[in-house]
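Copied over from TrEMBL, here are the features:
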TRANSMEM  160-178  transmembrane segment
TRANSMEM  198-222  transmembrane segment
TRANSMEM  234-255  transmembrane segment
TRANSMEM  261-281  transmembrane segment
TRANSMEM  302-319  transmembrane segment
TRANSMEM  339-362  transmembrane segment
TRANSMEM  405-423  transmembrane segment
TRANSMEM  430-451  transmembrane segment
TRANSMEM  457-479  transmembrane segment
TRANSMEM  500-520  transmembrane segment
TRANSMEM  540-559  transmembrane segment
Amino acid sequence: MPVTIPPADLYATNSRSTHYQGHQRLRDEEDAVGLAPQLASTGLAGDKLVAEGDVSKYATAEGQDDDDYSAKADQAGQGYPSVRETSIKGKAQRLMQVLVKHGVEARATEPVPEEERAELKWWSLVPQFTLWAAANTNILSFSAGVLGPNLFGLDFKSSVWVIIVFNILSAVPVAYFATFGPLLGMRQMVQTRYSFGFYPALLPALCNCLTMLGFLAVNAILGGQTLSLASGSGMSYDVGIVVVGIISLILSFLGLKALHYYSMSLFPIIIVLYIVLVGVTGSKLHLAKEVSKTIEVSAGQVLGYGTTMIGFTIPYASLASDFSTYLPTRTPKVPLFFMVYFGLLIPLICIPIFGAAAYLAAQAVPEWTEGAEGGVATLLYAMCGSGHVARFVMVLFAISVTANTAPTIYSCGLSSFVVLPFLAKVPRYFMAIAVTAIYIPVAIVGADHFFVALENFLAILAYWTAMYIPPNLIEPLIIRRPASILTYPVAIWNDRSQLPVGYAAIAGMCCAIPIITAGMSQAWWVGWIAKKIPVGGGDVGFEMGFVVMAIVYLPSRLLERRLTGR
């Protein structure tokens, strides 16, 4: 008679090589029968290889030789059952097994063990540069530059200075947080639990999900509009948005390895495309300086655009280590920091400056003027000219959007597991489908109001990150100094009884929110501090909130640790 052991939980671990380390090899059918109750209750050899009660299923036929039987058992230990199930659940399990077997990443928030990480080679950090560079070498970065003169009324010189200064500062925490991926093997929002606490960390994780859904929507709108133009208006915006969404879903569904390969392939193409476009239009771009001579700039305009640029760049800090967790622990921090930093900084300075120059020059170039009035996609189309070459270029611009949306879907799904811990056993790739199903309808609805939605959305983003960044800087630099696997014990990542309670984070947020509100300057709200800034007011909500959060969090966290021991 065949021996059948209940099916394994397919999501207990991704590791295939360590399931049966340290246990006696199954010799015959009688051994299997004897071990089955132990396997079902405790796992193997004291190592919790699979979740309690979830032991891999395997079967043997009477008379099978020892080697064939052992192969079946080993295969079962890897989570590939040899007994066919006809139920829907069984079919779903087999499908998931096939996906994981062929390289689809299933791991969600569980820390990545050292044995599952890639080997450190001389080129190991290159994908970190290309992922961030490709994600920002797209038309959304171009549109961020257009916002300076378009919505804030800045001249070219002021726009350039705001873009450079605020991005230089905003990229620092992103690159710093990325260095903790190899050290701890934990996703960014899981690390947040070590400063905010288990339950308070739900709030920044929720804000992060909403942030990324917003970025996904505005990126999809741009991609959809660009594809529509490339088709000669034969494709509607809505269909273009769906096409961009499907491409991004496929990439994020496959996992981090696919994202790295895609970014390394796409980035050189898109950066060359921008260089060529700058060269072709250079004779007209210089008109931006002539147009700027008639523009008067106030401090309020500069601060407002600065807050918008912060909102464009610094939210990346909330997903920074999601893409570096598969690097080995011994990955050098300084080179990794600069790879991520310049991967962000180069496109986030060059592409927005190009966007600001193009929009201002459009005021003096008749053939660009109408395009600028229609939006970013139509401006780019006007700059490219007409004909098949222009349409091909627009297709490439649309594809460039997916280098941003695919990693964003990936991280949004990871953050959702922190917001909803009860979904822990759901495979990561299923959340990619859920995220896509949410943001595509939002993008379709908001397609007709892109610039207004983008400006309001980016400004709001800066405010919550003002409360997120300080605790996550103070914790490794002061509270847990020096940051290591000893001061950040990975084993407690999901243990609410050993993680911080979160009193310090709550106290900091309670003090920072009123200050942020007072410093805000938006179309729908101007705080009393913002009103005191000359010439129309200015937005200082992020800067003031950041300082207050840091001042309150540090002593509160020291007191919390003294009282609770966590």
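In case you wondered, yes, glycine gets a Cβ from its N, Cα and C as well.
TrEMBL does not curate its annotations; it predicts them automatically.
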Cβ-based contact of the transmembrane segment (234-255) with the transmembrane segment (405-423), 3 or more pairs under 8 Å: yes
The transmembrane segment (500-520) in contact with the transmembrane segment (160-178), cutoff 8 A, at least 3 CB pairs, sep 6+: no
Interface check, the transmembrane segment (457-479) with the transmembrane segment (540-559), three or more C-beta pairs under 8 A: yes
Range from 198-222, 261-281, 302-319, 339-362, 405-423 with the greatest count of C-beta pairs under 8 A to the transmembrane segment (430-451): 198-222
Winner by Cβ pairs under 8 Å against the transmembrane segment (540-559), considering only 198-222, 261-281, 302-319, 339-362, 405-423: 302-319
Cβ contacts the transmembrane segment (198-222)/the transmembrane segment (339-362), at least three under 8 Å, sequence gap 6 or more: no
Dominant neighbour of the transmembrane segment (261-281) in 302-319, 339-362, 405-423, by Cβ pairs under 8 Å: 339-362
Folded-back contacts onto the transmembrane segment (339-362), same chain, C-beta under 8 angstroms, at least six residues removed: 125-126, 128-133, 136-138, 141-146, 148-150, 154-156, 159-160, 163-164, 167-168, 171-172, 174-175, 178, 271, 274, 278, 281, 284-288, 291-292, 309, 312-313, 316, 320, 324, 368-369, 371-372, 376, 379-380, 382-383
